[in-house]
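Swiss-Prot has this to say about the protein:
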- Arg23, Glu80, Lys120, Lys454: (6S)-5-formyl-5,6,7,8-tetrahydrofolate binding site (BINDING)
- 226-231, 245-251, 270-273, 335-338, 358-360: GTP binding site (BINDING)
- Asn226, Thr245, Ile247, Thr250: K(+) binding site (BINDING)
- Ser230, Thr251: Mg(2+) binding site (BINDING)
- 216-377: domain 'TrmE-type G' (DOMAIN)
Amino acid sequence: MSNTDTIVAQATPPGRGGVGILRVSGQAAAEVAHAVLGKLPKPRHADYLPFRDTNGTTLDQGIALWFPGPNSFTGEDVLELQGHGGPVILDLLLQRILTLPNVRIARPGEFSERAFLNDKLDLAQAEAIADLIDASSEQAARSALNSLQGVFSTRINQLVEALTHLRIYVEAAIDFPDEEIDFLSDGKIEAQLNGVMADLDAVRTEAHQGSLLREGMKVVIAGRPNAGKSSLLNALAGREAAIVTAIAGTTRDVLREHIHIDGMPLHIIDTAGLRDASDEVERIGIERAWQEIEQADRVLFMVDGTTTQATEPEQIWPEFMARLPKTLPITVVRNKADVTGETLGIADVNTHSLIRLSARTGEGVDTLRDHLKQSMGFTSNTEGGFLARRRHLQALELAAQHLIQGKEQLVSAYAGELLAEELRLAQQSLSEITGEFTSDDLLGRIFSSFCIGK
């Protein structure tokens, strides 16, 4: 498919609605306007007109908006037709437009892709459009809007600019080795490099917060049957999401709930009680439980406080701990504090946290919520923050590693050429975030995840 084609797509969700919008972008957008409207509307003014088919019969009537390029979202000529939101009407109008030469249905995300290719927005801003649409909380929406408005891109561009100045200084020192002053050892380059590294660390911290807002944390509640796992799921969710009975093994399959803690998405997964099961259905549920455990960001190891005084997970259930991935963080949750009389609260026990609560009464559950938020390093103050994706975090991490390696070359050997190369690679990693340096394959993956009309 050619980027010189004119594209059309429905910009509103499929199905019935009060308003349905078709968006057209490309060189033939003016021809579409003349064919469907009989005229070219005044730029950036709403014009109430009939929408006609090939025979001149009115299909619908509504508002037409004309945005001549380059002053449009895509940078191309753009026509928007806002009619009634009936699927039949919109389909008839769409088919009418597709009868015109060099007009085709847009690929997913192609409008945003053209905006990126025409320098109307960078790659991080383009991704922010999809993130704003998908935002699951007010904080996530605000942060996505900040990214769309260029907050994240500005921070990245400032880092790239600082690296450019540093590279110029380093390469000047390489090109003029006979100068009386040894620029590589006078401390100025190292001081500038330390400043860039500190700024990069600050951006990485903000990006981590943005990633948590976008993707959240996957928490699996695991333990023996009747430990109170489903009761805890209900307490965290604030509703009766899971059936709770005194019968061991009530939960036989994975249950999922999505909640927010101060804006951070939390994906809570309740699992079947872990034990040796003879029942085939329960056995399958237990295997699924282990699959979820192995993919979790954190495991809440649920313990019935009436059955043991132990607080060390290895003492409570050594077989469970032996199978658990060694790098997986766990929090031991001693349940039924309302029965045992244990003091509610949180404590650190060797390498893990221990929380005493009552899932039935809800006492101590707020402490668990705060613990989950803090364990991911999430802060609820997102004023001026931005949303970030995993690829952004990876690019920032790679840039940081290149700067660390570059500093080692500078401090240990005053190796200017090697430092310059590490600075270049760090700059390249950062440029991948905004799309200044990005492969076509990556662009394809990013924009294919967008809505058709975006």
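Backbone N, Cα and C atoms are what each Cβ position is placed from, and that goes for glycine too.
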For the domain 'TrmE-type G' (216-377), mean pLDDT (0 to 100): 84
Integer Å distance between the CA atoms belonging to Ser358 (GTP binding site) and Ser230 (Mg(2+) binding site): 12
DSSP-derived structure type at Lys229 (GTP binding site), helix or strand or else coil: helix
Rounded Cα separation (Å) that holds between Lys120 ((6S)-5-formyl-5,6,7,8-tetrahydrofolate binding site) and Lys229 (GTP binding site): 50
Largest tally of Cβ atoms lying within 10 Å of a Cβ, found at which of the binding-site residues Arg23, Lys120, Lys229, Lys336: Lys229
Cα-to-Cα gap, Glu80 ((6S)-5-formyl-5,6,7,8-tetrahydrofolate binding site) vs Ala272 (GTP binding site), nearest whole Å: 52
Between Arg23 ((6S)-5-formyl-5,6,7,8-tetrahydrofolate binding site) and Lys229 (GTP binding site): CA-CA distance (Å): 49
Packing count at Ser358 (GTP binding site) (other Cβ atoms within 10 Å of its Cβ): 23
